[in-house]
Amino acid sequence: MKPSLKRRLLLLSRKFAKASIRKLLRQSSFSSHEFLLQAPFPAMSWYRRTKLVFDSLRRNINPKILPRSHVTSRINNPIGSSNPSAKFSSISSREVGLRSWTSLGRNTNRIAYNPFLSQPKRYYYVDRYQVRHFKPRGPGRWFQNPRTVFTVVLVGSVGLITLIVGNTETIPYTKRTHFILLSKPMEKLLGETQFEQIKKTYQGKILPATHPESIRVRLIAKEVIDALQRGLSNERVWSDLGYASTESSLGGGSDKGVKEMEMAMSGEDTMTDMKWSKEDQVLDDQWIQKSRKKDSKAHAATSHLEGISWEVLVVNEPIVNAFCLPAGKIVVFTGLLNHFKSDAEVATVIGHEVGHAVARHVAEGITKNLWFAILQLVLYQFVMPDLVNTMSALFLRLPFSRKMEIEADYIGLLLLASAGYDPRVAPTVYEKLGKLGGDALGDYLSTHPSGKKRSKLLAQANVMEEALMIYREVQAGRTGVEGFL
């Protein structure tokens, strides 16, 4: 029989049976059970035949429906089922669909089970060889093992401490410690590469080694480098200062011949003698002694200065600038020489640039920029990139650059005094540089402090007092090493 016909017969038999029972109950005062027991035989036989037909139709149409509690237990505990296929899956969708179709929407106690709403978790995975693994894959749960977490933290901490301690150095004399990731050979290679690029860029504008300005700058730089050699803790004999001209070099000649050539061309010494007042002769060197004792156990890092081949290059360009690359390459533009006529003024600028090389400011700047870049990448996830770049420049990069310039001024002042030049020239030089470069941007939007601020810092009593003490030792015939150290 077709399902539709069976359904109709079932409904008709139910209605007819219910109507007959209600009619008989209304005609008698007995209960349904007593009525069935005491009813005449024809009525009982008719009821039994009707019930038999109803039960047979029901068995043929519906399978055995599980009780509510049993279905719930199979859904919640599929592993405990006697069916082997139910250990890793729930009740099949075919069986559930058949039950929902036979319920006809009349029995509200039956469960309309949806396998996609409460699918049990599968605690295994199958690899490409069809092998079942009952462990979670992936590194997502390594932190749940306390032993693994302890090992990772311990190894990471030891590695981080080793990295920090192994790359932390002490700057000569200032005793400031800084963290540098760039190795010394790489720093030297970087300086030499930049120096070769500068030669190619200004090819044809580099003054020859025999030019008066080249000889003058070379002699001033040599005095500053000699002062640096005397001031460092390791007293090594370095190679002579050479000139990096593309033409003939004076490296093979004697210093005496070079000085005689300079004196013949100039006729007189260009250094201006500055006399002291009586008040300047009375100095209190207590602050100097404290500075010597400060961090006396810390060993200053000077290995990056060993084996350096110092070279000087004078470029014929109207640029008021000079710089010293990490490999000991000094570049001076004629625009600077046109504004600063005296040797003491030129020595102030060269001493400042050499101070950058002594303190490894280029390598430190590369390391700082690396940390700044990592911080910016993190902030990009939360803040607008333009705002992050602006705030990073204002509060990180520019303050760091100004700090390096002030430190180079301080080291350069001591080198100037140790080279035999009056350190009281330095404040006027930086003030003049500020006027030439322009201090309109102020101290917050510039990589260099203003000329007035640099002049004020160098003119402070304690800083200038220390430099004057070194200068007087040199003038008295001593090397000035004790004062420098």
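Glycine is treated like the rest: Cβ placed from N, Cα and C.
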Which range is it, out of 306-335, 396-425, 456-485, that shows up in Swiss-Prot as region 'Required for protease activation'?
456-485
Can you dig out which of the ranges 148-168, 358-378 Swiss-Prot describes as transmembrane segment?
148-168
What are the sequence-distant neighbours of Glu353 (active site), meaning same chain, six or more residues apart, C-beta distance under 8 angstroms?
Ala322, Phe323, Cys324, Ile330, Ala408, Gly412
In which DSSP state, out of helix, strand and coil, do we find Glu353 (active site)?
helix
Can you tell me the mean pLDDT for the topological domain 'Mitochondrial matrix' (17-147)?
57
